């Protein structure tokens with residue numbers, strides 16, 4: 001009985017595995033890359049894709065796949081796309097002060113190593129004279145830096161956060177913890193962080209900043225608002241499509257602490273194109289294009305022994321196909337004549353009479369090759385075209401020359417029919433077409449084309465008052481976008497859309513946008529002065545709209561607000577405040593029977609916001625009987641420090657005295 005039950009369970013499990021529905025893969029959104037345009041246009045036709053289907057994706061200029069390549073394939077699996085179609089920004093050669101880099105590259109691919117060294121008296125981030133770092137998907141494995149050797153570390157001013165101690169100077173190997181205010185994050189992207197004092201400074205410089213999201217690329221056939229260089233956590237961007245296009249995806253995306261969510265949408269055409277045509281059962285078509293324009297016609301034929309019912313033509317109209325015909329099996333039995341004769345070959349006859357659907361095969365004599373299908377079929381009284389037998393004596397000479405490319409494995413004197421060569425393009429040239437060319441009967445099939453890259457011309461940029469938004473390699477691949485920005489003091493014409501600043505490389509040519517000088521309006525006069533602080537930027541009589549100045553407080557004063565003020569439409573933004581420190585009064589401490597709890601609090605200045613702790617002298621206790629000892633911990637507030645009061649134990653109070661200041 002137990003064996004029966006076990007067998008039944010095994011059958012259930014196996015049947016469950018056999019009939020489990022395979023989960024298809026949805027439309028992939030390639031971060032910093034793209035797939036072929038027709039997938040975007042006919043998204044609903046191609047997706048979801050079935051298991052084991054493959055899809056190629058390409059990376060934008062300045063980005064590579066995780067394996068360091070510009071193009072890669074991903075496969076649909078039961079777990080989704082594998083590998084995940086993502087493109088990562090190449091690592092740029094760092095601007096290294098007090099050190100050197102051993103090679104002359106400007107950009108490094110993912111998984112590529114770079115060696116750097118430091119000058120005398122300076123150390124790498126690992127405390128060594130030389131170090132090797134690797135380009136990873138999120139940047140360098142550690143940021144190449146040469147830091148001066150130190151014996152102590154000074155805790156920097158911490159805005160929007162607090163240290164766990166009031167101590168300011170730390171010895172090597174000392175550690176300190178700090179916490180950031182709501183909405184701000186540590187240098188490591190956390191709410192709290194512990195840093196260590198090393199010989200070259202802090203392991204990670206303490207700071208609290210708002211997380212930022214990467215800039216957004218322009219979408220094809222659409223635009224978004226607002227456009228910024230960088231976005232902070234909480235920023236929302238809305239997408240719009242041009243006329244005759246609609247959004248596929250959410251029109252609103254938001255910057256979170258983990259990046260943008262949801263992914264950017266795409267703009268798809270409404271009516272101008274049709275997907276591949278519907279194919280009735282037992283039919284075939286002659287063309288196999290991926291897209292069809294409005295008004296295009298496709299001819300449909302029925303398979304052998306089937307008759308067409310309805311129009312053999314269907315038309316693309318407003319994004320939809322007209323009604324296709326049906327192919328119905330014919331009832332009439334029609335015989336064919338004897339199979340046709342061919343030179344230098346013969347048919348393999350197996351009957352005297354042949355009807356609809358009957359087939360006959362051919363073979364060639366020795367020394368001849370069969371050209372065409374080796375099989376013909378009787379179709380309603382007529383044979384399909386027979387093959388030809390061609391003498392097999394033609395070899396191919398040198399393969400065709402490809403400009404800016406070459407045969408990968410060297411060139412032979414001659415090539416036999418059926419052999420092939422593989423082409424590769426020169427560095428930065430994009431291969432279009434099949435990379436394989438085959439020798440067939442003395443002729444080569446069409447070779448690929450190597451499309452020229454673009455070289456950005458500095459003279460043209462200076463002439464048009466523009467500069468590159470991002471750092472690129474010396475060449476930009478055909479089809480990739482180059483983002484420009486206007487130089488400071490220049491702007492696009494009011495009638496020119498912002499999309500003109502994003503230019504596509506087209507076979508070595510770049511159409512440079514033109515920026516003109518801004519009108520002189522919105523200028524500011526001298527920036528406002530602040531109490532207990534100074535302006536450390538160089539000063540001028542007038543300031544352009546958008547320019548800024550930086551402030552610094554006097555020693556021991558606490559800077560509150562932004563340390564920079566900006567000129568906006570003729571007015572300065574609010575400058576920072578410099579809050580006064582507190583001075584410890586031993587006279588007040590004596591009056592109130594107080595002692596310092598910690599020796600390190602015996603200092604001339606206590607910064608705004610810092611705490612200082614007291615204890616009562618012997619045989620005294622806090623005057624406020626209902627309050628615990630925590631009242632003896634006081635905070636400096638804009639130069640004012642309140643002192644608690646301790647009274648002798650034999651005294652009694654008939655009333656509660658206020659705190660003295």
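Placed from the backbone N, Cα and C atoms, the Cβ positions cover glycine too.
The annotation disulfide bond is assigned in Swiss-Prot to 25-76 (among others) on the grounds of sequence analysis. In the three-state DSSP classification, residue 25 (disulfide bond) falls within a strand. Around residue 25 (disulfide bond), the same-chain residues six or more apart in sequence whose CB sits under 8 Å from its CB are 47, 48, 49, 51, 53, 76, 77, 80, 81, listed in sequence order.
Annotated disulfide bond per Swiss-Prot: 59-87 (among others), in sequence order. Around residue 59 (disulfide bond), taking its Cβ as the centre, 25 other Cβ atoms fall within 10 Å, counting all chains.
Around residue 91 (disulfide bond), the same-chain residues at least 6 positions away in sequence with a Cβ under 8 Å from its Cβ are 107, 108, 112, 114, 135, 136, 139, 140. For the recorded site, residue 91 (disulfide bond), the DSSP three-state label reads strand. Annotation comment: Swiss-Prot describes 91-135 (among others) as disulfide bond.
Applying an 8 A CB threshold to same-chain residues 6+ apart, the list for residue 153 (disulfide bond) reads 169, 170, 171, 172, 174, 197, 198, 201, 202. Positions annotated as disulfide bond by Swiss-Prot: 153-197 (among others).
The disulfide bond annotation in Swiss-Prot covers 213-255 (among others). The C-beta environment of residue 255 (disulfide bond), restricted to residues of the same chain at least 6 apart in sequence and closer than 8 Å, consists of 211, 212, 213, 231, 232, 233, 234, 235, 236, 237.
The Cβ neighbour count for residue 267 (disulfide bond), using a 10 Å radius and every protein chain shown, is 21. The disulfide bond annotation in Swiss-Prot covers 241-267 (among others).
Annotation source Swiss-Prot lists disulfide bond at 302-327 (among others), citing sequence analysis. In the three-state DSSP assignment, the secondary structure recorded for residue 327 (disulfide bond) is strand. Annotation for residue 327 (disulfide bond): same-chain Cβ neighbours under 8 Å, separated by at least 6 residues, are 280, 281, 282, 283, 302, 303, 306, 307, 308, 309.
Around residue 364 (disulfide bond), a 10 Å sphere centred on its CB holds 21 further CB atoms from the protein chains shown. Swiss-Prot lists 364-389 (among others) with the feature disulfide bond.
For residue 396 (disulfide bond), applying a Cβ distance below 8 Å and a minimum sequence separation of six or more within one chain yields 414, 415, 416, 417, 419, 439, 442, 443, 444. What Swiss-Prot records for 396-439 (among others) is disulfide bond, and it gives sequence analysis as the kind of evidence.
The disulfide bond annotation in Swiss-Prot covers 454-505 (among others).
Same-chain residues at least 6 positions away in sequence with a Cβ under 8 Å from that of residue 515 (disulfide bond) are, in sequence order, 464, 465, 466, 486, 487, 490, 491, 492. Positions annotated as disulfide bond by Swiss-Prot: 486-515 (among others).
Among the features that Swiss-Prot reports, disulfide bond is placed at 524-567 (among others). If you take the C-beta of residue 524 (disulfide bond) and look for same-chain residues 6 or more apart in sequence within under 8 angstroms, you find 542, 543, 545, 547, 567, 570, 571, 572. Secondary structure from DSSP puts residue 524 (disulfide bond) in a beta strand.
If you look up Swiss-Prot, you'll see 24-88 marked as domain 'Sushi 1'.
Summarising the annotation, Swiss-Prot assigns domain 'Sushi 2' to 89-148.
Helix, strand and coil residue tallies for the domain 'Sushi 3' (151-210), in that order: 0 helix, 26 strand, 34 coil [DSSP]. The feature domain 'Sushi 3' is assigned by Swiss-Prot to 151-210, with sequence analysis given as support.
Annotation comment: Swiss-Prot describes 211-269 as domain 'Sushi 4'. Looking at the domain 'Sushi 4' (211-269) alone, the prediction's average pLDDT is 80.
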Cα-nearest neighbour of residue 454 (disulfide bond) within the listed recorded positions, 59, 87, 162, 267, 389:
59
Write down the Cα-Cα distance for residue 162 (N-linked glycosylation site) and residue 59 (disulfide bond), rounded and given in Å.
42
Taking contact to mean three or more C-beta pairs under 8 angstroms, with sequence separation of 6 or more, is the domain 'Sushi 8' (453-516) in contact with the domain 'Sushi 2' (89-148)?
yes
Please list the DSSP helix, strand and coil residue counts for the domain 'Sushi 10' (581-647).
13 helix, 22 strand, 32 coil
Candidate nearest residue 389 (disulfide bond) in space, where candidates are the recorded positions 87, 162, 241, 267, 505 and distance is Cα-Cα:
505
Specify the nearest of the recorded positions 162, 241, 505 to residue 87 (disulfide bond), where nearness means the distance between Cα atoms.
505
Count up the helix, strand and coil residues in the domain 'Sushi 8' (453-516) according to DSSP, in that order.
10 helix, 19 strand, 35 coil
